[in-house]
Amino acid sequence: MKLISIHVIQTILLMTQMINSYVLHGTSDIPNASEMTRQKNLIPNKVKKSVVVKEKSDLWDLGIIHYEIDDIFTDFQRRIIKQGMRMWEESSCIQFVERNSDVHQDYVAFTKLDCGCCYIENEPRNKGRNELSLADGCEEINIVLHELGHILGFYHEHQHPDRDQYIEILFMNIEPGYRTEFGRYSRAEVDTLGLPYDYHSTMHFSKNVFAYFNFLTTIVMKQSVDGKIPNIGNKKVLSGGDIEAVNILYNCPICGGTVYDKYGIIESPPYLEANFPTGIIHCEWKVVAAKGEKILLELSTSNIFKSFNCTSDYLEIRKGYQSNTTLLGRYCGTHETIITHLVDHYAVVTYIRSTNLNEPNIGFRINYAVICGIGTVIPINEFKSYDLKSPNYPDAYEPFSNCLWEFKAPDNYKIKVEFNFFAIETSPDCKSDFVQIEDATKHEMPVIGRYCGNQNPGEVDTGVNNIFIKFSSNNNNVGVGFQADISVESIDF
């Protein structure tokens, strides 16, 4: 039988409901949120767990996780999922990328299953469809961060080989069916990445998880941190240990990172031997924009050791979300003129330096800016829809945003705009921040609709095959933004 592993955390909400409503071993139709390992028919089956997976083949290739989110999730739940993804991305070289079903056969599907909050992985790991369940009640950022950690290859901190120096497990307070969730493994059984025990890890259980009653404690801390007893579990941010671990696990470059800012500077770091013990500087930046946005990269300064075909020291710029996609340019030597690249959605900047490490004037400087929709004509048809998002979505958009998208459908089709999420600053007649749809088939471009506030406009039938969508914000209060599906429908004659 094909084996799968289910890693599940108990939400405070569901645990409280179970404890308050049922005595000891009472049953409930609330989805079971235990941290259990099962076969596909959900019959318990014991397997070894580790702080992280031991086999590198079990990791996601190049740290890229393709995913899809089922339509059963609300707009709010989708935002929480994507916020959790962004928090892992901004701390590492990990990248969550929406799945193309024609290309990506190995992926994670976000769905809702009877197990509640759980991650179901295939055997072999990360092959085919892997399911992460976030049932109703699981839409908390601490839960999402924890479950995403399981996707990346992390297990529970309280199973660390050194855990007995840091915590004590009170087995008498644990529901009998869940006591196996508190096992400890030896260093021969697990990979701890050489890192110490981390009270603050997002992968740590809370102090009363799986207790008979919520006033009982199942995990007791033995040590203090900065003179205080640490608060474990239910973390809404990644700890320093989480960040260090994911970078080690996926062999992330020592410098660089994922960049979501709308403008900024990317430049070479100074050489410090302590930061680059191998004697080689290897940095990688991933610049991410929303669909429909473009990234402008201007290489303004470049003084890099010159080698034949730039084989030793170099700066590389690629379009796409990984370091082996289409190469736009590889540079070394000195450049006195500005070199410009304009790319869609994703860009990767890689810097390698292995010579003249102590020379202070060697390096580069890139100015970048995300251009919001301007100059972009987006074709759509019955086979190709479009996922449109406000700048910085799912986080709040920035002041002084000005975006313009043009959508064009074939003749005999009309465009539909369906807003799935909408939260724009409210103002009289939408004079401050707004989304506006215009008819681009007419010279005067009449307004089809202008929207703001928290009332979702829902589905807008434009009736035409060519439209502009404008988004504008001023310098006052900002909202979260919007997300809309742009599709077509045939016109009946």
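Indices start at 1 and increase along the chain as displayed.
Keep in mind that glycine also has a Cβ here, set from the backbone N, Cα and C atoms.
Going through His156, His158 against TrEMBL, the one listed in the Zn(2+) site together with His146, His150 turns out to be His156. Local packing around the Cβ, expressed as the count of other Cβ atoms within 10 angstroms, is greatest for His146 among the binding-site residues His146, His150, His156.
DSSP assigns His156 (Zn(2+) binding site) to coil, not to a helix or a strand. Following the DSSP three-state reduction, the secondary structure of Glu147 (active site) is helix. A straight line from the CA of His156 (Zn(2+) binding site) to the CA of Glu147 (active site) spans 11 Å.
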